[in-house]
Amino acid sequence: MKRLTLLGSTGSIGVNTLKVVSRFCDRFSVEALCARGSVDTLAEQVQRFSPSLAVVIDAPTAQALKERLPAGSRTEVLFGEAGYCHAVSLPGVDMVVSAMVGAAGLGPTIAAIKAGKAVALANKEVLVMAGETVMALAAQKGVPLLPIDSEHSAIFQCLQGNDKTFLSKIHLTASGGPFLNKTRQEIETATPEQALAHPTWTMGKKISIDSATLMNKGLEVIEARFLFDVPADCIEVVVHPQSIIHSMVSYIDGSMMAQLSVPDMKGAIAYALSYPERLDLNQPAPDLAALEQLTFFSPDLDRFPCLGLAFEACRRKKTFPAVLNAANEVAVDAFLREAIPFGRIPRVIEQVLAEHTGVTDPSLSDIKDADAWARQRAGALLP
């Protein structure tokens with residue numbers, strides 16, 4: 001029985017993780033559920049999975065959760081980052097699923113690694129912000145980091161049984177998002193409703209907007225750079241609208257390996273939870289004859305400048321990826337609040353990056369300072 005702490009239990013990845021846990025309740029149990037808010041959903045999860053601990057963002061939310069739990073509930077309720085870090089460090093926990101959105105997941109994920117827990121990583125911002133620090137700490141502690149992102153799971157699977165010294169290139173696939181065939185003018189004036197309507201995946205609001213700008217793919221480039229220890233120039237993005245091939249790797253002999261599956265996050269989640277084994281999800285493999293054709297083409301950086309900004313930050317290293325991430329979070333939040341138009345998102349990020357002086361070999365404190373500076377600066381650029 002593998003015992004789990006789930007960071008971000010009420011989000012899309014969290015909900016799908018609990019579906020996998022429910023299906024394989026003889027193999028997994030839940031020790032702690034952690035969320036920001038979404039009290040009603042979290043209360044339902046607590047009553048269903050009976051964890052020893054539930055953690056939310058602050059004291060009022062904790063009180064609201066307690067009021068929704070039945071009298072005599074065995075689940076302790078804590079709040080704040082200290083609560084999240086306690087949840088990942090519980091002695092009985094074998095694996096932490098890191099699925100919090102954004103920078104909020106960094107501290108708890110580092111705490112999990114320090115506690116020697118295996119980490120199933122869905123929060124790409126953890127590596128975007130502090131990739132070198134996190135990977136070095138994981139190596140020091142002997143802690144496996146298993147990717148949940150479908151693309152990084154695909155790369156991880158394609159690398160199995162192969163010596164990485166023979167790797168030539170990583171090919172990250174992108175669906176192209178809801179604006180794949182839209183003009184630049186149509187993209188710049190898009191509404192939140194239009195940007196949230198992803199053609200392939202059902203996701204949370206923030207990652208849906210990142211998918212619409214292609215910033216999500218840019219963050220995945222940076223994540224891949226650290227997770228697989230390859231330079232930015234060894235990673236390329238290719239648009240693949242069918243989302244059947246989740247990523248590919250090519251080797252120095254000209255061969256290429258790809259991982260295919262129907263678009264369903266439960267596959268990547270189950271693989272991370274059960275690695276090196278595989279679970280029978282009762283999910284059919286892609287019907288190649290029915291697909292008829294799979295298409296690929298290069299992304300248009302003129303219409304989707306966020307991807308180019310992410311590659312730039314990845315190449316510049318230092319604290320630029322952390323600044324990119326922070327400025328993006330602020331700009332996306334402003335767009336969702338309808339404070340800025342969609343086309344303003346990359347311009348805010350570009351200006352913040354242009355004003356930043358990168359810190360070489362940054363400490364965790366340097367990264368947090370850069371994150372805070374970028375949020376303040378991006379906020380100052382908003383109406």
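Just so it is clear, glycine is given a Cβ too, placed from its N, Cα and C backbone atoms.
Cross-referencing G177, G204, G218 against the NADPH binding annotation in Swiss-Prot, which names T10, G11, S12, I13, N123, E125, picks out G204. Together with D149, E151, Swiss-Prot lists one candidate of E76, E81, E193, E220 for binding Mn(2+), that being E220.
Same-site candidate for 1-deoxy-D-xylulose 5-phosphate binding, as annotated by Swiss-Prot with S150, E151, S175, H198, S211, N216, K217, E220, chosen from K114, K117, K124, K164: K124.
Excluding D149, E151, E220 themselves, the residues of that chain whose CB lies within 8 A of the CB mean position for the Mn(2+) site are, in sequence, K124, P147, S150, H152, S153, I155, L172, N216, K217, E223, A224, S247. Reported as a whole number, the C-alpha separation between K124 (1-deoxy-D-xylulose 5-phosphate binding site) and D149 (Mn(2+) binding site) equals 8 Å. Sequence-distant neighbours of T10 (NADPH binding site): residues of the same chain at least 6 apart with a C-beta under 8 Å from its C-beta are A35, R36, G37, S38, T41, L42, Q45. Around the Cβ of G204 (NADPH binding site), the same chain contributes G11, S12, V101, each under 8 angstroms and 6 or more positions distant in sequence.
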